[in-house]
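Report on the structure given below.
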Amino acid sequence: MTTLPVQQLYIHGQRVDATSGKTFRTVNPATGDVIAEVQVASQADVERAVQSAAEGQKVWAAMTAMERSRILRRAVEILRERNDELAHLETLDTGKALAETTTVDIVTGADVVEYYAGLATAIEGIQLPLRESSFFYTRREPLGVVAGIGAWNYPIQIAMWKSAPALAAGNAMVFKPSEVTPLTAIRLAEIYTEAGVPAGVFNVVQGPGREIGQWLTEHPVIEKISFTGGVATGKKVMASAASSSLKEVTMELGGKSPLVICDDADLDRAADIAVMANFFSSGQVCTNGTRVFVPRSMLAAFEAAVVERVKRIRIGDPMAAETNFGPLTSFPHMENVLRYIESGKAEGARLLTGGGRATEGALANGAYVLPTVFSDCRDDMTIVKEEIFGPVMSILAYDDEDEVVRRANDTTFGLAAGVVSKDVSRAHRIIHRLEAGICWINTWGESPAEMPVGGYKESGVGRENGLSTLGHYTRIKSVQVELGDYASVF
């Protein structure tokens with residue numbers, strides 16, 4: 001059992017006590033043990049964090065872009081040096097397998113910081129002549145203070161995804177991690193400070209989203225909100241941001257993504273991709289391809305191939321090197337996923353494997369749900385329509401391309417989509433018809449720093465990562481210059 005000291009807030013370059021006098025517990029989902037008590041920020045603490053950010057941002061923005069770039073690159077070096085230490089803490093807090101957090105979470109998050117550190121010096125405006133005596137130019141200026149609100153499935157990675165472009169562009173960020181997985185955001189803040197980021201440029205406030213999130217979205221000093229989470233909460237955040245001071249928003253929300261297997265696909269490759277698209281990170285990935293469309297002629301063979309692979313999944317202690325499937329991140333979430341599984345059974349889906357909680361030995365103490373595969377699924381089933389955010393695959397048979405495209409697009413979500421086919425032209429044709437912002441052909445799930453990430457429809461607004469994101473952390477100032485005489489009409 002690991003017990004950490006009481007976790008504080010991080011404001012103006014140091015850990016500080018919250019003034020609310022309240023705390024909440026963060027729990028190890030593999031064991032049910034309490035890891036730490038975490039202090040809850042009061043509204044006065046949030047105000048202190050915002051004012052600190054406003055002060056720090058002026059110092060940060062006054063630095064040259066090259067100075068900011070060097071500091072962010074130093075943060076990357078520290079992140080990579082402490083990869084294993086941070087991964088251990090992330091596994092403790094989230095339940096994700098250590099084999100995953102050591103190779104993905106910190107590594108890919110640091111990649112994003114490194115990517116934007118390189119772009120910090122490339123933020124530029126334009127200059128155009130209007131006539132011989134006049135021209136105009138544009139400047140891209142930082143927004144000022146922005147807020148990031150993180151989700152519980154990739155805590156430190158999301159904190160880096162949100163802070164990296166914001167800081168590279170000269171902004172300061174007040175970040176609120178999920179209260180389910182609150183531990184690593186403060187470690188990131190300390191690393192930024194150690195690297196040379198001025199006090200106040202990255203502050204961390206803890207507590208329930210319904211309070212802290214509202215205070216951030218309504219604060220008049222904050223110019224932008226970057227939110228990752230569910231659709232219903234995202235709509236509230238967006239409405240609050242608009243009604244308070246017309247803040248800009250980036251929303252990375254939910255998904256119910258289709259994975260289309262074509263009849264010419266290699267069966268083994270298709271099954272491998274489907275299993276990765278559903279069970280990586282115990283199924284807790286917003287882009288997961290949980291609606292797997294399979295040609296009716298391939299259905300039996302595909303089902304057998306998927307079940308064979310699911311049986312090879314190694315469920316266990318997430319700290320064990322051999323484990324590649326840990327518990328869900330919280331016990332309440334486990335109960336929610338189990339309710340969805342029961343609804344699948346009740347609505348007539350055919351259970352191929354899994355279908356309940358893992359209760360063997362020590363697993364009974366944790367929030368473990370067995371990798372679950374349903375077939376004979378219909379588009380009107382609850383498990384097919386709603387985001388489960390857990391290890392539940394729904395297999396749906398189809399007969400032709402037009403049908404599968406229509407059914408794949410028949411959703412309010414539009415986050416991700418994938419196609420598996422040996423015919424590249426066919427794969428591109430189908431992908432271009434699918435209504436989704438992140439798409440993969442003959443693979444699934446990779447999100448490199450260079451690739452914009454975001455959804456269509458109710459899956460989001462704006463993008464994270466990629467070159468275009470950097471521009472959304474700046475605003476354009478246009479300046480006209482007249483070198484000649486000025487003639488008034490009056």
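Just so you know, glycine gets a Cβ as well, placed from its N, Cα and C.
Under 8 Å, Cβ to Cβ, and six or more positions away along its own chain, Lys162 (active site, charge relay system) finds Gly148, Gly150, Met173, Phe175, Ser226, Thr228, Glu464. DSSP assigns Lys162 (active site, charge relay system) to a helix. Per Swiss-Prot, active site, charge relay system is recorded for Lys162 (among others), and the stated evidence type is sequence analysis.
Sequence-distant contacts of Glu252 (active site, proton acceptor), defined as residues of its own chain at least six apart whose C-beta falls under 8 angstroms from its C-beta, comprise Phe227, Thr228, Cys286, Val453, Gly454, Gly455, Ser459, Gly460, Glu464. Following the DSSP three-state reduction, the secondary structure of Glu252 (active site, proton acceptor) is strand. Positions annotated as active site, proton acceptor by Swiss-Prot, on the basis of sequence analysis: Glu252.
All protein chains shown were included, and the count of other CB atoms within 10 Å of the CB of Cys286 (active site, nucleophile) stands at 26. According to Swiss-Prot, the active site, nucleophile annotation covers Cys286.
The active site, charge relay system annotation in Swiss-Prot covers Glu464 (among others). All protein chains included, Glu464 (active site, charge relay system) registers 25 other Cβ atoms within 10 Å of its own Cβ.
Cβ-based neighbour count (10 Å, all protein chains) for Thr26 (K(+) 1 binding site) stands at 22. Summarising the annotation, Swiss-Prot assigns K(+) 1 binding site to Thr26, Asp93, Val180.
Around the Cβ of Thr233 (NAD(+) binding site), the number of neighbouring Cβ atoms within 10 Å comes to 19. Residues or ranges marked as NAD(+) binding site by Swiss-Prot on the basis of sequence analysis: Gly150, Ala151, Trp152, Lys176, Pro177, Ser178, Glu179, Gly230, Val231, Ala232, Thr233, Gly254, Cys286, Glu387.
Annotation note: Gly460 (K(+) 2 binding site) sits in a strand segment as assigned by DSSP. Positions annotated as K(+) 2 binding site by Swiss-Prot, on the basis of sequence analysis: Leu246, Lys457, Gly460.
Secondary structure at Cys286 (active site, nucleophile), as computed by DSSP, is coil. Annotated cysteine sulfenic acid (-SOH) per Swiss-Prot: Cys286, in sequence order.
Here Swiss-Prot flags Glu248 as site 'Seems to be a necessary countercharge to the potassium cations'. Counting every protein chain shown, the Cβ of Glu248 (site 'Seems to be a necessary countercharge to the potassium cations') has 17 other Cβ atoms within 10 Å.
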Spatial neighbours of Trp152 (NAD(+) binding site) among the recorded positions Leu246, Glu248, Lys457 [C-alpha, 10 Å]: none
Sparsest Cβ surroundings (other CB atoms within 10 Å) among the binding-site residues Asp93, Glu179: Glu179
Rounded to the nearest Å - Cα separation of Val180 (K(+) 1 binding site) and Lys457 (K(+) 2 binding site): 27
Set of same-chain residues at least 6 away whose C-beta sits under 8 angstroms from Lys457 (K(+) 2 binding site): Thr411, Thr412, Phe413, Gly414, Glu435
For NAD(+), whose listed binding residues are Gly150, Ala151, Trp152, Lys176, Pro177, Ser178, Glu179, Gly230, Val231, Ala232, Thr233, Gly254, Cys286, Glu387, the greatest C-alpha pairwise distance in Å: 24
Length of the line joining the Cα atoms of Leu246 (K(+) 2 binding site) and Thr26 (K(+) 1 binding site), in Å: 34
Distance [Cα-Cα, Å, rounded] between Val231 (NAD(+) binding site) and Thr26 (K(+) 1 binding site): 24
Check: same-chain CB within 8 A of K(+) 1 site center, minus Thr26, Asp93, Val180: Val27, Ile35, Thr94, Trp152, Pro155, Ser178, Glu179, Thr181, Pro182, Leu183, Thr329, Ser330
